[in-house]
Each structure stands twice: as C-alpha cells, then as structure tokens.
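Listed in TrEMBL for this protein:
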type	residues	note
DOMAIN	105-354	domain 'P-type ATPase C-terminal'
TRANSMEM	136-154	transmembrane segment
TRANSMEM	169-189	transmembrane segment
TRANSMEM	219-241	transmembrane segment
TRANSMEM	253-273	transmembrane segment
TRANSMEM	285-306	transmembrane segment
TRANSMEM	326-346	transmembrane segment
REGION	408-493	region 'Disordered'
COMPBIAS	433-447	compositional bias 'Basic residues'
COMPBIAS	459-469	compositional bias 'Low complexity'
COMPBIAS	470-482	compositional bias 'Gly residues'
Amino acid sequence: MATTLVDINNGNVAHSVIVVDGQTLSEIDANQTLSLLFFDLVVQADSVICCRASPSQKASLVKKIRTKVNKSITLAIGDGANDIAMIQEAHVGIGISGKEGLQAARISDYSIAQFRFLQRLLFVHGHWNYIRTGKYILGTFWKEFLFYMIQAVYQKWNGYSGTSLFESASLTVFNTLFTSLCVIFLGVFDQDLSATTLLAVPELYTYGQRDEGFNLKKYFGWTFMAASEMIIIWFLAYGLFGESRFTNDNTLYSLGDLCFTAAVVIIVSKLLILEMHSKTYITALGLILSIGGWFLWNLLLSSLYSPKALTYNVRDGFIYQFGRNPLWWCTLIIILAAVFLLEVGVSSVRRTFWGSDIEVWQGLERDRGVRRRLERAVREGSGGGEEGRRRWGLEVCCCGEEEEVGSLVDTGGGGGGGVELDQYDDEADHGHNHGHNHGHNHGHNHGHANTTSPIDTLGNAAGTETGTGTEKGTGTGTGTGNGKPTSKGNRVRVKAKRIGSGRRLFSFSSPA
C-alpha cells in the first residue's frame, strides 16, 4: 500500500482505482496505522470502489473523507434503506425512488427517479444555482453599500448632524419595493450558459469547485465598484444640481430624490441587464415594476403627502417643482451615463484580460453553428440509434494573456461531421481548400470520388482526387493551397490566455 501511494504521488501511475470489500474494510479499521495509510491512498486515487459494505461502513467512509480532506464537499446517492446512514452523513444526499422503495428518497436532500438524472442535477442545476447564489449575495451587498454610503458621505455637508438625505417613507421601502425584485430575479431565473453547453462541456462544472463565482476577490471588486459609483452619484448630483434646488425647493427633498432615483435606476439596470445573462420577459417585468414603481411612488407622495413643509418639501414637489426642472432631469441622465460608462468599461477590460471560462463559452454560444453542434453532442452522448455510436469531439483552448489560437470550424455537411478547433498562426494559415478545388470535376456529376487531403504542420494542404463516372470520362486532380481557411461551414475565432507554461484545454466527445 505504501509503495502504491509513492507511485501515485510521483506520477508513475496513469490511472489508479482502488477496489475494496467490506471484510477488508473491517480489518483496515481495526488497525489504526493501516487505516491512516489507507485513507491517504484513497484521497490520492482517481476512483475507489467499495463492495459488500455494511450501512455503517458506508457512512464511516463518507465521514472520514469529510474530515480527511479539507474543504471537501461530499455527495452520497443511494436507492435503498441500507444507504440512509451514508446519505445522512454526506453534505448532499440524493435518494433514488425505485424498486428498493422510497426510504432513501424520503430522507435525502434531493430525490430523483433514475440514476442518469444525476448528470443534469449536478452539471446544469447545480452550476446554475451556484452562479445564482453568488450573484445574489454579491448584488445584495453591492446595492446596500452603494445606496447607504451616499448617506454617509452626505454627513460631511450637514455637519455630521445625522440628518438623512432621503425622505423617511421612501427610505423605509427602498429594499422592499424598489430593489428586492432585481436581486430575487437574478438569484432565481438567471442562466449563465444553456443546459446544452453545460452538459456537452462538463469541465465547466469545475468553475464552482474552484470558487471562481464567489470569493473575496469578487466581493472586494463589487465593493470597489459600489464605492466608485457612489462617488459619481453624489458629486455629480451635488455639483450640478446642489445649489439649484434653492430656486424652487428650500428643502433637501429635490437633491435627495435625485440621488435616490439615480441609485434605484442604476441598481435595477445593472442587476437585470448587465449581470443577468438570460434575459426574458421576466427581466422586462422586473425593470417595469421596480423603476416604474419608483416613479409612481413619487407621484403618490406628491399627491398624498402632508402639505406642511418640514425638512422635506414633498407635497407637489415631484409634480410641480423639481419634476418640471430640466436641470434635474439632465443631471440624472448625466449621472446614469457616467455610471454605466464606468460599468461597461471595467467589464470590457476584465473580459479582455481576465476573462473566465464561462465568458468564453458565452461568446461561443452566440454562434448558431456552435449551438447546433453542441446540441448534436448532447444527443449523441445520450445514446440512441446509429448516431449514438459515432465518435464526435470538440476541443477549445481558453486560458491569461490573450492570443488567437485558432477557429472553431463547423465541418458538418449533410450527414455526419462535427466541430473541430482549426489551429493556425499568422504566417502559416491552413490552406483549407485542401488543394482539391482544382480537381473537383469528380469525373462527372455521377462519379464516385475518393479524396485525401493531409495537412502538414506548417498549415499547407495538399489534396488528390480521383473519380469515375457512370458516363464515360475520368477526372484526376492534384493541388496545393496556402492561405486562410476557405472551407464551407461556421467559423468562430477562439482566443486563448496563457496559464503558467501551458494552456487549459476543454474537450468533450460522445461515446464511441
């Protein structure tokens, strides 16, 4: 056992699998030294198969893995009563309802009807919910920091008296009425990638395992953006409109309402437009209810508020006073333009130089040909018929400094085919006419042609074609071609970013 562990750590074993039965597990548990060595080996192996284990042994294995591997998240799946202890011991328990009864399904966190549904549960719904939860938390902290820091900064201008810049009724319902739907919709309905892509490229599941969707770096990034946008809102509002409020409004209401309006529009628009990838009618509904509801609220306050002017002259303020002031609206538009320009600029720079795997595939998904090939990969991967037996593959590089490494080419014709990554450089592009464009007579339209077109490492292509026709005549052709690809099909340029000394390579293929 010790020798095997050394070989695995030294990389001498390409793929390691441990097979152990219940009786052997009992002997290992009885010897503390052997038990420590065994679990050191277990966490290094690629796969571990335990057979004929008792319910307590199953639960013990899960528990020891939880304590042995720091920050591990365990999942247990079973279909019978003997799996209950194991399911309860794991972080995530999944029960299969079937021939063994419903005992496991009733006590589990999730219940599925068949084992094959586990793939979609993890790769699709698991990924989506990780993204949604991360964005919900980040969006909630971001909007609160942005809004209430305006209040904090304003204290310098009122002598730190504690006077609120915002009218009390509006402040009370800020979260409940105006900025709750945007984070809820983002946390419930967003889909960063389609289910087809997530099933066809299972490597994308590691995005959550690497904590790339929610971490301290992302949190401080969102906090920095909130601080920057707060500064833009306050200083533009005060600098462009701050003194003008005294012309027709001797209270804080017009200035506070300007900052409040800018904050609501920015928060709702950023979360539902800039951050929400899958935009549907729900997105439009959230925008209308949140932003439209805020302006309707202003109309109601102007009509129903007490006419007695206190710190905030609310009655008739929005309808007859600053609401009719062009400077108020112009200042609002300038603030919104400045904030959205900052958001779009920062997002573009980040995507260009520090783009994630998710963003690479979001770009690829926009191509119709890529989507069609991804759908075919999922269909073929799920088996069924003659297509399910064909081998199909896709490779895409994505990775630090951007460089163009190739293009995604749809090589599919009428029947088979697939999607391949055609790598090339600037000096030696593939001559993708394969040379046989010069000899493509096929002998006649009814001839049968055999074509070979090897491509050398420099990107040059040479091809030969021979054909015989049912009508008299034969045709032969040879040729070489250099230059940019000219083959028919859909093409999407793929950029790669270097990670250390190499590149991260995505690949997936259907079963043979």
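Placed from the backbone N, Cα and C atoms, the Cβ positions cover glycine too.
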Legend entry - Segment-segment contact (the transmembrane segment (285-306); the transmembrane segment (219-241)) at 3 or more Cβ pairs under 8 Å: no
Legend entry - Same-chain residues at least 6 beyond the ends of the transmembrane segment (253-273) whose Cβ lies under 8 Å from its Cβ atoms: 139, 143, 146-147, 150, 164-167, 170, 174, 178-179, 181-183, 185-186, 229, 233-234, 237-238, 241-242, 245, 279, 283, 286-287, 290-291, 294-295, 298, 312-314, 317-318, 321-322, 325, 328, 331-332, 335-336, 339-340, 343
Legend entry - Maximum Cβ pairs under 8 Å to the transmembrane segment (219-241) - stretch from the list 136-154, 169-189, 326-346: 136-154
Legend entry - Positions whose Cβ lies under 8 angstroms from the transmembrane segment (169-189), at least six residues beyond its ends: 132-133, 135-136, 139-140, 143, 147, 257, 260, 264, 267-268, 271-272, 275-276, 278, 280, 282-283, 286, 289-290, 293-294, 297, 301
